[in-house]
């Protein structure tokens with residue numbers, strides 16, 4: 001076996017491997033024996049037919065294909081070991097048979113990524129001011145009023161937002177009935193947005209000019225209880241209902257019942273109905289706090305992304321293109337799971353979008369590259385700063401994660417998943433590294449790992465446990481798991497093995 005090595009850019013090695021003819025022949029004979037066991041050959045017991053008989057039966061090409069299927073990966077693995085190469089992933093090695101005589105294989109081997117962090121002190125981040133306006137608070141309070149609105153009978157005139165019960169009949173000039181509703185309940189809302197309310201409709205003897213689009217709701221608006229109204233609507237040629245497209249329909253509507261939404265007053269009674277509030281001012285203060293926390297978390301997410309992107313900009317990052325493909329593969333895998341909820345597979349989804357799989361992969365590529373670069377600098381930072389998970393941190397994270405899983409209705413058997421502990425540890429490791437990185441770059445205080453209310457609850461529980469003088473076996477077991485998971489969590493998702501490429505699942 002002859003090996004030619006060429007180091008490529010972007011953390012890749014190209015191996016050109018020429019295989020001895022003798023070894024190819026041995027592989028073909030082994031393949032023929034395998035095929036002889038699988039294919040029924042008259043006059044011979046399974047696996048006992050001579051080589052030339054097997055070739056006559058299945059063909060030279062089938063024997064060669066079977067031989068190469070086993071030989072090529074084995075030869076490439078031997079070449080990688082001989083050259084002292086440590087691939088990032090065996091799964092993403094690009095193999096091509098360049099020639100059959102002699103057998104020549106070209107392998108592009110992805111190498112582990114290399115990251116050199118830049119000067120973090122040179123990074124400047126613009127901080128966001130978090131503000132909650134009175135308009136935002138009033139909008140939430142108005143929404144609470146809308147949620148508790150009551151439908152009250154009214155005689156009209158009907159307004160948008162009212163709930164009407166109607167009889168409605170629509171007929172063409174020919175007398176054909178195209179619509180008939182009896183006792184039909186409908187909420188009155190305009191059928192078109194304001195900018196869509198007009199269309200070009202030809203009127204006999206006149207030039208085309210903007211006309212109101214046909215809207216039954218607009219005609220019902222203004223009616224009073226028990227009123228019967230007749231009106232006509234002319235529909236444009238491109239109307240989606242072929243029965244009435246380009247035609248005039250005569251309608252007869254009778255308003256049988258009308259209800260109007262009545263909003264509760266914005267007072268203490270509403271506050272008490274919403275929750276544990278004494279006054280409307282208490283409710284308003286809680287809304288303000290909630291909006292502030294939402295805005296703070298949104299600003300925090302943007303800040304984290306900005307910090308990671310800035311760190312990536314000042315750092316030197318080299319990774320094989322296969323890592324991006326792995327991230328895209330992971331995105332597609334996630335998409336397939338989401339589509340199953342709607343009874344679709346990926347092929348059907350692509351047909352609906354009128355796109356190819358390559359189109360979708362290209363759409364994912366930019367975001368995949370950005371996410372990968374963020375991940376690589378984060379794990380390099382964590383490695384250089386010797387970030388580790390403490391036992392009590394893992395215990396708290398596991399407790400929080402398991403509680404969330406059970407509250408979401410997850411099957412309790414998920415708790416037995418051997419990958420769950422690894423995922424819990426990895427999520428905690430990433431969050432801890434992110435908090436320290438953001439604090440170092442921005443000069444802000446480090447974000448706490450856990451919510452304040454949970455920390456307080458855990459502190460109370462620990463105090464009660466200390467008073468009792470007992471330490472449960474469950475606590476000891478969970479704490480001990482942290483040691484086992486700490487090492488796994490510290491492995492960046494970019495460090496893939498032959499069986500699993502973590503970057504595929506989380507990058």
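Every residue gets a Cβ built from N, Cα and C, even glycine.
The range from 287-314, 315-342, 343-370 that TrEMBL describes as coiled coil is residues 343-370. Record note: among 67-94, 95-122, 123-150, 151-178, 123-150 is the stretch given as coiled coil by TrEMBL. Taken residue by residue, the compositional bias 'Basic and acidic residues' (449-463) breaks down under DSSP into 12 helix, 0 strand, 3 coil. Looking at the coiled coil (123-150) alone, the prediction's average pLDDT is 93.
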